[in-house]
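Engineer: Below you will find the structure I want to go over with you.
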Amino acid sequence: MYLLNDKVAHELKKPFGKVYKELPSIEGKVVSIGDVTTKHLLSNGIIPDLSILDFKTKRNIPVDIPHKFKTIFEVENPQGCISDEAIERIKYLSTIHDRDMALIIKGEEDLLTIPVIKYFPEDTSVIYGQPDEGMVLLKITDELKQKIEKLLNDMEER
């Protein structure tokens with residue numbers, strides 16, 4: 001399990017990619033992280049390969065997503081950490097060539113962008129919410145994987 005600390009929290013406040021109010025067209029493998037982001041994609045006809053959700057926004061405001069996902073997985077991931085269970089499930093899901101999967105988080109999904117970038121293949125599009133700004137869209141690259149590895153090394157491991 002990795003625990004968030006002040007140094008990494010400060011780094012994570014900066015978006016990893018470009019922030020959009022409305023996303024441009026997206027091609028290839030897509031992973032969405034967060035309920036509002038996923039709901040926006042689905043309402044615009046974009047079905048992510050994997051959606052990571054906790055059915056809340058800003059930690060406690062419920063979000064209704066009426067979409068029926070093809071395959072659903074659940075893991076626990078407490079606030080402020082990346083659980084081993086979440087890491088293993090994301091690692092597994094990165095190997096599946098399927099669409100319309102959901103990973104439902106009991107806890108909080110905010111930090112799970114990190115293992116998604118670590119384990120999903122290069123050129124995967126990752127979309128997550130940047131609070132009060134919009135959505136961040138990035139393509140996984142080797143350079144981004146190295147940046148994520150550094151963040152993981154800076155986190156406390158238990």
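Glycine residues also receive a Cβ, built from the backbone N, Cα and C atoms like all the rest.
Just lifted these from Swiss-Prot, have a look:
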BINDING   Asp35, Val36, Asp54, Lys56, Glu109, Asp132  GTP binding site
Engineer: With every protein chain in view, what's the tally of Cβ atoms within 10 Å of the Cβ of Asp132 (GTP binding site), excluding that atom itself?
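Structural biologist: I count 6 other Cβ atoms within 10 Å of it.
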Engineer: According to DSSP, collapsed to three classes, what secondary structure does Asp54 (GTP binding site) have?
Structural biologist: coil
Engineer: Would you mind checking how many other C-beta atoms are within 10 angstroms of the C-beta on Glu109 (GTP binding site)?
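Structural biologist: Summing over all protein chains shown, Glu109 (GTP binding site) has 24 other Cβ atoms within 10 Å.
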Engineer: Across all chains shown, how many C-beta atoms besides its own are within 10 angstroms of the C-beta of Val36 (GTP binding site)?
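Structural biologist: Cβ-Cβ neighbours of Val36 (GTP binding site) within 10 Å number 19.
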Engineer: Could you work out which of the binding-site residues (Asp35, Asp54) has its C-beta surrounded by the smallest number of other C-beta atoms within 10 A?
Structural biologist: Asp54
Engineer: DSSP three-state call for Glu109 (GTP binding site): helix, strand or coil?
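Structural biologist: Its secondary structure by DSSP: coil.
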